[in-house]
Amino acid sequence: MPTLGLLFASIGIAVLAMGVPHCRGYTIKEDESFLQQPHYASQEQLEDLFAGLEKAYPNQAKVHFLGRSLEGRNLLALQISRNTRSRNLLTPPVKYIANMHGDETVGRQLLVYMAQYLLGNHERISDLGQLVNSTDIYLVPTMNPDGYALSQEGNCESLPNYVGRGNAANIDLNRDFPDRLEQSHVHQLRAQSRQPETAALVNWIVSKPFVLSANFHGGAVVASYPYDNSLAHNECCEESLTPDDRVFKQLAHTYSDNHPIMRKGNNCNDSFSGGITNGAHWYELSGGMQDFNYAFSNCFELTIELSCCKYPAASTLPQEWQRNKASLLQLLRQAHIGIKGLVTDASGFPIADANVYVAGLEEKPMRTSKRGEYWRLLTPGLYSVHASAFGYQTSAPQQVRVTNDNQEALRLDFKLAPVETNFDGNFRKVKVERSEPPQKLKKQFNGFLTPTKYEHHNFTAMESYLRAISSSYPSLTRLYSIGKSVQGRDLWVLEIFATPGSHVPGVPEFKYVANMHGNEVVGKELLLILTKYMLERYGNDDRITKLVNGTRMHFLYSMNPDGYEISIEGDRTGGVGRANAHGIDLNRNFPDQYGTDRFNKVTEPEVAAVMNWTLSLPFVLSANLHGGSLVANYPFDDNENDFNDPFMRLRNSSINGRKPNPTEDNALFKHLAGIYSNAHPTMYLGQPCELFQNEFFPDGITNGAQWYSVTGGMQDWNYVRAGCLELTIEMGCDKFPKAAELSRYWEDHREPLLQFIEQVHCGIHGFVHSTIGTPIAGAVVRLDGANHSTYSQVFGDYWKLALPGRHNLTVLGDNYAPLRMEVEVPDVHPFEMRMDITLMPDDPQHWASANDFRIIENVVNTRYHTNPQVRARLAELENQNGQIASFGYADSEFGTIFNYLKMTSDIGEPEEHKYKLLVVSSLYDTTAPLGREILLNLIRHLVEGFKLQDTSVVELLKRSVIYFLPQTSKFQNVFDMYNSNTSICDPVLGDELAERILGPETDQAKDVFLQFLRSERFDLMLTFGAGNSDLNYPKGDSVLVKFAHRMQRTEFNYSPLQCPPSATRQLHRETTERLTNMMYRIYNLPVYTLGISCCRMPHQKKIASVWRKNIDKIKNFLALVKTGVSGLVQNDKGQPLREAYVRLLEHDRIINVTKNVARFQLMLPHGLYGLEVTAPNYESQMIKVDVEDGRVTELGIIRMHPFTLIRGVVLELPNNDNRATTSIAGVVLDESNHPVRNAKVSVVGQTQLRNFTGSMGQYRISAVPLGTITLKVEAPRHLEATRQMHLIQGGLATENVVFHLKVNEHVFGLPRFLFILCASVLIIVGVIVCVLCAQFWFYRRHRGDKPYYNFSLLPQRGKEQFGLEDDDGGDDGETELFRSPIKRELSQRAHLVNNQTNYSFIIQAA
């Protein structure tokens, strides 16, 4: 029996062994034939495979259609379960999703393998069968089929611009989900533009009671768990933990511990303890899918990074399957940990949406499904659990111990009793209706719901009107003042918006400004009427409701209330009340891009208020409502030369012949102006007003500069400085029409006013954020390479108005990689598109490779160098690059105070043919430390560029000599302040170099610096400032203005620095302007001061950022030498005329030729120019030259011919016209070629024909009779000059008649030297005579007034009395022979010694 029993036992063991897949001596072979010929399945192959599996396993497999991608590809999920037709009660649904980023493909193929493996092996492997039978599994191999189609196999990193990572719109889907930290209005706005792939997944996730999920990515090897972001929005390295952190860590470890590589945590140059990480600790992102699952559903989701390479070769897929198979299966089993159960009512019916709470984890209750099911994942432990539901009593807490030892979760059911209800009292539904239907009222009151009075409102009436309407609609309006007028009146603005009070991300800001000219009142009254119209129609007019809900509107009704108060009703074209109380036209008072004059030199309070208001809000579109004409006017309002030509500012009834000045957005501006004009019943006709019959405006629109020049205008300032597109709308020919006419104006302008507001939505808009979802403020958004930029706001939202069609969009954020993409604005209503932009963090080394010849020192570990370190670095650069660099240190008085580095090609060769540039770290000692770090970076850039033979650098050094001055004098004082407080920002010294240069006191540094400028005669100078990002330069010269624009035009325009004002910053700004003007006026040196930072001495880590933001502007400055004109000036014998000079016509600056070969060279922007070449005693020459960009035009040798003066020679100018008179024009100069102003030029014998020279020595005399005439020039302190001319042609002016006056060296007919000599002798003789006479008079008076004046013998005294040696007392020792009659009390004595006798006299005075 024992033997038989042993036999049966052995047989039983053998039988059992047959059912175990991995027992010793027996293994069930798995079906993994799908690993043969590994490849990535295409979309078509994937769909066919899923269809085949569904057909092969009709009960266990089912394909679900989730939605379509942006390009129409199917999003599919394969369900694998015991019975796909009907899920068994309490079977937990689990999902695996992959290929969210289209170029991260390993997970996509692993889920394909997973489907084949589960279905092919669940019947032969019992554990696998148990898993499939007890779990409802959903596999989504690709969430982003469009991105996958764009990706390329073998690329371990994303393609340029992250093509393939995002969907077809290049949107990162893992930033597109609703976020738990979003405000409700942001959530609603983002929902409007959610990508179809995201929307499909969101709907699917919330529609099923998923318990567990995994999202498979690539690019690292780690298991990441929520949360992915935090309230602090740190970039990284700070954990953001869920209430279920212990569960998530267990889930992550389940995957990692079963992965042979992941569990080590050190793959891909990363370091993750145990192969897991909290998402926010790794890097933060908002809008991620795993956070959405946990926050908005019951699902616990992990993000699994599978491989270092995002899209590895297909041959690696079998190896990846073997690494991840166990982890995939074990994670599925985690759906069965914790507790599960049903929540039902007393009758056993399921309660949907009941909440199941675990004590200590109340922040995350589990909601029941429609069938009353719940699952609560928990780690082992003792828990107290209860359930609650609306309308039911909360259950009693139940204590439960979780061990997770079983194959299924511990079951815990709840039955809830209904809440007892006892409603006392009578209730009735109150329905509130208007007394009259809105449609009837609108028809009765012409679109309004209440009667409307068309009348004028003075300031008091307007203020009362606005207060009343604001109090009537408090939920839609906000009344606020932006400042006060000169006379103290408030500048009232009414905000109209669904939720007024603050900027709402994603909602555009719009403004209307009226009554800028106090006597132009139509805009003001129409805005008051428009306000009433919109508020009354809100809620019963779909158009108005949509406008108010989606647009934040601001109406400034009167910008000039003081002017309005003195205006006169009925004024059609007058000027009373046009200006403010200071008599200033406010539309001439804004800062102008081309210059400053008396109209905008001092900012008026109304203008300052409007500027501050405009800059405080992200206005997208604006209109300035005027009167006096009927036209829509768009920028620019003036040209670059209009500050020098007052005649261009006159409205002379004709726009023919005026030069337009379009912006880069000219087509867009014309479209906006056309929208307003075409909506007006007559504006589009372009007919003139009665008083200006020659003003015709095609299509009712005009460019401002082409109409008439307005310098200091508001619409140009809005475009250039505030980034807001603004039009000026002239609303009618009459400025202050009668009140009875206002109803007609309202009928004409109502539709244009509304249509113009609606244009704020046209174009491109969205949000700019980082890869972790952090909003990026100040990001630059540009279209089609234009220089005009839009900037994202605090929440990352941006608006870029654009016409329908394809555009190239460029986005740049500080410390983020640039992003370029092509977008298409639809050509159907509403002509807008949402484009959210994700920027990747920038790599400094990558930037250095692309922009700075890979000079890592310029961007990594930046610091402030001490004076010895700076000198050592400059000396080292000279030693290593002697052919292009020369270090000046203690080689002269200048080099002792200012160490400098001189750079040019072939040091030591003649430099007459080269431009001279000066780059100074700063003229402020407190800014110099930052400036000289930028200067050192620039030197390294040029040196490295020359080593690499970069074309631009080599050409620069061939054409120029550049002096670099890193100021060192007070560095240690400033550096000590910084070391004591690294956040000092703006150190302050009492005596800056710039102030010393402007001051009258003698200073060694100042003197040697100014002497250096005089001796070297630089062409241009660049220096660095702080406190702003502006570029300061001499105003008024169009060439210098073009240079400034060229410097500021960079590929990527960073957001202008918004630096808070301070007293020292304002002082530096004013000092810089004075210094710039002084340098230009006295030393003929244009100085450009580039603002590079808010702080004068920011933290040294920020030096790299300052360098990166400004390198392009600095390079643009140096590139100015590439364009210009040059030549040699010689006489007719080929000899150089070293006293010659060159003047650019219509410009003040004069360029002297070089002292050796008489060469001149001018840096000029491209364009057509006129040059006047002049030399003493030689006829001037006028030369027309067309300067091409990037090329120095060589004029060769310019031959000058001597003057023919009036010494019996007559200069004939052949003409053929028979007119009786002509005109003569020219210039009067002194011998040094300086203009002589106020010189009298006249025709001898014709007393009425005379004129005086202007500031540049120019003159013109008209109506000069034909024939032989004599011109005479007279000027104070100069000898007069005459010239005889023979004029025989009338009508055509005789130009370029140049006089050179000699200084009158005679005074009173004597040569100046002889006069000075004679005058000096006469003065000396006169002085001597006066002294002698005074002395004689003094002695006479002294003698006459002293009666005791007398002579006496010297008293004879011994040594006792005189206190002298024995010899002094005489040999005989006598004491006194005679007593002197002089009074003894007189003590002062004067000895008079007669040289011809031996007598001594004593004159004693009282």
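Along the chain as shown, residues are numbered 1 onward.
Backbone N, Cα and C atoms are what each Cβ position is placed from, and that goes for glycine too.
Per Swiss-Prot, topological domain 'Extracellular' is recorded for 26-1312. Per Swiss-Prot, Zn(2+) 1 binding site is recorded for His101, Glu104, His217, and the stated evidence type is experimental evidence. Annotation comment: Swiss-Prot describes Asn133, Asn269, Asn458, Asn549, Asn612, Asn652, Asn787, Asn808, Asn981, Asn1152, Asn1251 as N-linked glycosylation site. The disulfide bond annotation in Swiss-Prot covers Cys156-Cys309, Cys236-Cys237, Cys268-Cys308. Swiss-Prot lists Glu305, Glu730 with the feature active site, proton donor/acceptor, giving sequence analysis as the kind of evidence. The transmembrane segment annotation in Swiss-Prot covers 1313-1333. Positions annotated as topological domain 'Cytoplasmic' by Swiss-Prot, on the basis of sequence analysis: 1334-1406.
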May I have the list of same-chain residues other than His101, Glu104, His217 whose Cβ is within 8 Å of the Cβ centroid of the recorded Zn(2+) 1 site, in sequence order?
Asn99, Met100, Gly102, Asp103, Gly107, Arg165, Asn174, Phe216, Gly218, Gly219, Glu305, Lys310
Inter-residue C-alpha distance, His101 (Zn(2+) 1 binding site) and Asn808 (N-linked glycosylation site) (nearest angstrom):
24
How many whole Å apart are the CA atoms of Asn981 (N-linked glycosylation site) and His217 (Zn(2+) 1 binding site)?
45
Please report the DSSP secondary structure of Asn269 (N-linked glycosylation site), reduced to three states.
helix
Where does His101 (Zn(2+) 1 binding site) sit in DSSP terms: helix, strand, or coil?
coil
Here's one to test understanding: among the recorded positions Glu104, His217, Cys268, Asn808, whose C-alpha is closest in space to the C-alpha of Glu730 (active site, proton donor/acceptor)?
Asn808
When the Cα of Glu305 (active site, proton donor/acceptor) is compared with the Cα of each of the recorded positions Glu104, Cys156, His217, Cys237, which one is closest?
His217
Looking only at DSSP and grouping its letters into three states, which state does Cys308 (disulfide bond) belong to?
coil
Count of other CB atoms lying within 10 Å of the CB belonging to Cys308 (disulfide bond):
16
Provide the three-state secondary structure of Cys156 (disulfide bond) computed with DSSP.
coil
Below 8 Å Cβ to Cβ and six or more residues apart, same chain only. Which residues does that give for Asn133 (N-linked glycosylation site)?
Ser81, Arg82, His122
Of Cys156, Asn458, Asn549, Asn612, Asn787, Asn808, i.e. the recorded positions, those within 10 Å of Glu104 (Zn(2+) 1 binding site) when Cα atoms are compared:
Cys156
By Cβ count within 10 Å, point out the most packed of the glycosylation sites listed: Asn269, Asn787, Asn981.
Asn787
From the recorded positions Cys309, Asn549, Asn808, Asn1251, pick the residue whose C-alpha lies nearest to the C-alpha of Asn269 (N-linked glycosylation site).
Cys309
Of the recorded positions Cys156, Asn1152, Asn1251, which sits closest to Asn612 (N-linked glycosylation site) by Cα distance?
Asn1152
In whole Å, how far does the CA atom of His217 (Zn(2+) 1 binding site) lie from that of Cys308 (disulfide bond)?
10
Around Glu730 (active site, proton donor/acceptor), how many other CB atoms lie within 10 A of its CB?
25
Looking at the recorded positions Cys268, Cys309, Asn458, Asn549, Asn1152, whose Cα is closest in space to that of Asn787 (N-linked glycosylation site)?
Asn549
Sequence order is fine: just name those recorded positions in Cys237, Asn458, Asn549, Asn808, Asn1152, Asn1251 with a Cα within 10 angstroms of Cys308 (disulfide bond).
none
Minimum Cα separation from Asn549 (N-linked glycosylation site), reported as the residue among recorded positions Cys156, Cys237, Cys268, Asn458, Asn1251 that achieves it:
Asn458
Between Cys268 (disulfide bond) and Asn458 (N-linked glycosylation site), how far is it from one CA atom to the other, in Å?
73
State the Cα to Cα distance, in Å, between Cys309 (disulfide bond) and Asn1152 (N-linked glycosylation site), rounded to an integer.
65
